[in-house]
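First comes the structure, then the notes that go with it.
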Amino acid sequence: MTPTHTMNRRPGSVSGSQAGTGLRRCLAVVTVLLVWLVGVSPVQAEVTPQRAQALLQALDTDDFEAKAEAAQAIAASDAAQKTRWLKTLLDGRLGRERDGERFYIITDDSGREWPIIDAITFEDAGTGSRRSVDTFRINNDLRTQLQRLIASLSLGAGDEATRLAAAKRLVGEVDAQSAESIATQLDNEESPAVRAELETALALYRVEQGDASGLATLRGNLDTRIRNSLADIANSDSPIAAQAGDVLAGIESKRAWYERGQTLFFGLSAGSVLVLAAIGLAITFGVMGVINMAHGELIMLGAYTTWMIQQLLPGQPGLALLLAIPGGFLVAGAFGILIERSVIRFLKGRPLETLLATFGISLILQQLVRTVFSPLNRRVNSPDWLQGAWQLNEALSLTLNRLGVLIFCLVVFAALWALMRYTRLGLEVRAVTQNRTMARSMGVRAARVDMLTFGLGAGVAGLAGVALSQITNVGPNLGQSYIVDSFLVVVFGGVGNLWGTLVAGMSLGVINQVLQPWVGAVLAKVIVLIGVILFIQKRPQGLFAPKGRTS
Amino acid sequence: MSLATMFKRNSLLDERSTWITSIVLIVGMLAVVVLHALPPEHAWHLNGSVVTLLGKYLTYMLLALAVDLIWGYLGILSLGHGAFFALGGYAMGLYLTAQQAPLAPWQTVMAHFPVAALAMVLAPGLLALVFGWLAFRSRVTGVYFSIITQALTFALMLAFNRNEMDMGGSTGLTRFDELLGFSLASESMSVALFVASGVAVLLAFWGCKAVTRSRLGRVCMATRDAEARVRFIGYRVEHVKLAVFVLSAMIAGIAGALYVPQVGIINPSTFAPLFSIEVVVWVALGGRATLYGALLGALVVNYLKTLLTGVMPDAWLFLLGGLFVVVTMFLPQGVAGVLARLRRRREVAA
C-alpha cells in the first residue's frame, strides 16, 4: 500500500498577525493611489485596480503565514483575475517589480529574459529578468493550501470536466473553511458526477472529524485516498474506529473482487494468445496427424509481415495493422502450402519423421529471418485505438491491446468454426479427420484437403503472429517461445477439436495467471507444464475426446 | 528367403559391425593418446584443447547411443533426453563446486565422490522411472510421448533457471578446480577424461549391444513393430519400455557427468528443447537401430558444427535444418542404411 499525501496532511488554516496586515493595507492603499495617479490603464474587473493592487500587495511579505492569509483574501475576493494569480503564485511566476510598485506575471520562465505581463491588466509589459522582478516565494504549507484554494475556485467556474477534476482533487483535502464553501457549492451544483465527488469529499471530511454519518456515503468507494484515510481511522482510537473498520472491510472485499476480475482478464488475454497460436496446430494435427514443428515460425512470419507492412506505410499504424491481417494470413498460408507440397506430402504416415523434418524447416526459417532481417528484435507500433487502457474504475483497468487480442481471438475462432461447420471445405476436412479411407472412397480428394488444411492452419498461425506483434516485440525467436505451450494446449484440449483448443488455451492462461502471484511467473509455468503432463496420463485423448471412429 | 536365414544374416551383420566399431573406437583412442604424447613441436602433435574437444564428442556419442537404444529399438522418440544428460551434468557440477564452495548447505554431501557418482546415475534414472511409469502405464505413445518429453525438458529448463534452486540460476555451475584431487586445468587431466569418456562409450556400446541381442532386446523390437500383438502374447509391454527407458536415461546421465568437467560449465541451456532434438538428428543421420550409426552420426554432425560455427556461423542452422529434412526424406535409414544397402548389393552381385 502506498502512502498518499492524505496521511501527512497538515492543519490548513493559519492566523496571521492582524496588526501587521492592517499597516500593510494602509501602505497598499497609498501606493495604489500613487500608481493610479501615475496613470495605469483601467481594467475590466469587478474590483477596482486599487483593490487588486492591495490584494497583491499583501502577498509581498516574508512571513508565510501572512502570505497564506493574503492568498485566502484573494480567493475570497471578487477579483476576476484571482484564479490566475493563485495559479501563477503556485508556479512561482507571480512577482513584483524590484524598483517599482507593479506586479507582473511571467508567462514563460524558461530563458534568462522572461516575457512578462502586468498582473492586474494582463497587458504586455515587455521582458523582465531575475534582476528586475522579484517572484513571490512559497513553502510547502502554502503550496498545499494554494492547491486547495485553486481546486475550490475551479469548482465554481468552468465547464463540467473542470469542475469534476477539481472536485476529485478535493477528496481528502477538505478543511473546516473549505467544507462550508463546498457545502454551498453542492447546493448549486447540477452535474450528478460532480455532486457525487463533492459528497464523497465532504463525507470523508466528516468521518475524519469523527462523525459517523459520512460513513454510509463512503461505503464501497474504491478510491485509494479514502481507503488509506479509513485505514488510518480504523487503526486510531477514534470513536468511530470500529465502524470505519467495517466500511474498510467492505471496500477491501470489493477491491478483491475487482482484482480477481483483473486476474481473469489477464488470464483470458494470455489464454487467447495461446488459443491463436494453437488453433492452427490443432487443425493440421487433427486432420493430417501431422506434428508441424515449424508452426511457431509461421507465427513469426505473420508477425514479420505486420512489421514490413508497417515499414511500407509509415505513420499509419492502424491501416497497416488492418492490411496485415489478410497479409499475414496469405504469407504464412503460402509458406504452409509450400511446406506441405515439398516435404510433408512425402512423409505420409510417418509422424515422427514429419516432426523431425518440420523441425528442420523451422530452423531454416529462423535462420532465414535472421539473415534477411537481422537477429535484432523489431518493434511494431500499435495504432492509437490499441494504446492505453480502459479504466473501468479505480481497481479495474483493461489494457486495450490485450483486449484487442482477446476479441481478435474470438473472431478468428468464430470464423474458423463457421468455416468448419458450413462450408464444403469444412465438411471435407471433418470427413477426412474422422475416417480418411472412408472419405476418399466417397470421392473426397484427401490430398487436396490436406494441402488446403495445412494452408489454412498456417494462415491462422500467421494471424496469431499479427496479433502477437501488438503485445510483444517481433524477433526470430518469437515462434520458439510459443511452440511448446501451443502443443500442450492442443494435447490438453484434445486433438482436432476446436472447442477443446479454446477451452484448454483459456484455462491454461487463467490457471497460469492465478498461480503467478503465489509462486512467481517461472514456477507457475513449471506447475502448469507438470499439471498438463499429469493430465495427459489420466486422459490421453485430452479434455474433449474426438467422437466416432478415427482411422 | 526364410525367416530363419534372414535373422541369421542380420545377426551376422550385427556381429561384424560390432567388431569393426570396437576396433575403430579402440584404435582411435590409442591414436589420440599417442599423438598427444608426441613432443609439441612435432607436426602430428595434438594439443590438450583438441583432446578435450574430442572428449566432448565422445560424451555426445554416448548420449546418441542412449537415444538410439530407445528410439531405434523401442520406437520411442524422446525429445527430452537432454534433460537426463543435464541432470547427470548437474550432479557432476555439484560435486565439483561442493569441494570449494557449495551453493547451499545440503550440497556439502555431494562433495563425496561416491555419493555424487550415485547421483549422476540415480537422478536421471529416477526421473525416467517416475516419468516413464506415468507415461507408459497410460499408454502415451508416438508423437504424444515426444511432445510431453519436450515439455518435461522445457519445464526443467525453466526450473533450473530459478536462483531459488541453488543451482546457480541461469549462469549454472562453473569455475571448477579439481576432480578427485587432480587439477582440471592440467593436460594429463584432459587425456584422462578423454580416455574415461572413450572407455564409457565402449562399455555402453557393448552393453547396449548385449541388451538388444538379449531376449529383452527382441521383445523391444517386437514392441516397436507391433505393440498390440506383443501385449496380446502376454508381455507386460510397459515394464519392458520402462526398463529400457530408465537404462537409456542412466547412460545419458553418465554422458552428462563426463561432459561437464571437459567443457567446464553446466547451465540450463543444456535443458533447451533444441539440444535434445539435435541429438535426435545425430541418430537419424547415422542410422537408427544400429548403435554404431548413432556413434557415427554424433561424431560427424558435431565435427561439422565445430567446423561451421567457426567459419560461417550463419550457415550452421541452415545446414542443421537441411540435415533434418534431407535425412528424413531421402535417408530414412541414415548412413548405416546406405552402407548396409551397398553391402547387400555387393553380396548379391558376388
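Quick reminder: no glycine exception, Cβ is built from N, Cα and C everywhere.
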Segment assigned the feature transmembrane segment in TrEMBL (from A:292-313, A:446-467): A:446-467
Annotated range (TrEMBL: transmembrane segment) out of A:28-46, A:351-369: A:351-369
When counting Cβ pairs under 8 Å to the transmembrane segment (A:487-511), the leader among A:319-339, A:400-420, A:446-467: A:400-420
Any contact, the transmembrane segment (A:446-467) to the transmembrane segment (A:351-369), with at least 3 Cβ pairs under 8 A: no
Sequence-remote partners of the transmembrane segment (A:351-369) [C-beta within less than 8 Å, at least six residues beyond its ends]: 289-294, 296-298, 300-301, 304, 335, 339, 343-344, 476-477, 479-480, 483
